[in-house]
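Quick look at what Swiss-Prot annotates:
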- 40-44: region 'Interaction with host APOBEC3G' (REGION)
- 54-72: region 'Interaction with host APOBEC3F and APOBEC3G' (REGION)
- Thr96: phosphothreonine (MOD_RES)
- Ser144: phosphoserine (MOD_RES)
- 151-164: region 'Multimerization' (REGION)
- Ser165: phosphoserine (MOD_RES)
Amino acid sequence: MENRWQVMIVWQVDRMRIRTWKSLVKHHMYVSKKASRWFYRHHYDSPHPKISSEVHIPLGEARLVVKTYWGLHTGERDWHLGQGVSIEWRKRRYSTQVDPGLADQLIHMYYFDCFSEAAIRKAILGHIVSHRCEYQAGHSKVGSLQYLALTALIAPKKIKPPLPSVRKLTEDRWNKPQKTKGHKGAIQ
């Protein structure tokens, strides 16, 4: 019988970013209680030796599973050190991988209060409107001019510590393009 390979997307992440993610998740699960329905699985509870942790985030009937890995093949840079993250959406027997932006939007829809574009309509109808968004990472696009005007009137309150963003966890802060020097040291 032949070997059958299964390929999955694993985002290379440095270990300090993974530590920050884990501590933010635990803080909002146990201290602030904003993520009290989330489930954190430690490395010693996982049957796979490369999984360092799993966070199960219920989304209605489905759930989002964010797995962190260690001991993977090292990346191009020394600081990658074989750490990684995979993000999976599961519903019953079906599962698929999602990108960090979509994961943040899904988390935002289910868990955190938001002052969204629907707030304009609610305010006109005289309904009570949430005056700020607790989870800015869940917004991937620029809002309408009305939305931007209303958000300019109400300054967003900084939440300490910040809410755990999957996009921020997988962000590549090391490989930003560098400015090169051209003729006689002038930056191009």
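Backbone N, Cα and C define each Cβ position, glycine as well.
For the region 'Interaction with host APOBEC3G' (40-44), the model's average pLDDT works out to 89. Helix, strand and coil content of the region 'Interaction with host APOBEC3F and APOBEC3G' (54-72), in residues and according to DSSP, is 0 helix, 14 strand, 5 coil. Here the CA atom of Thr96 (phosphothreonine) lies 19 Å from the CA atom of Ser165 (phosphoserine).
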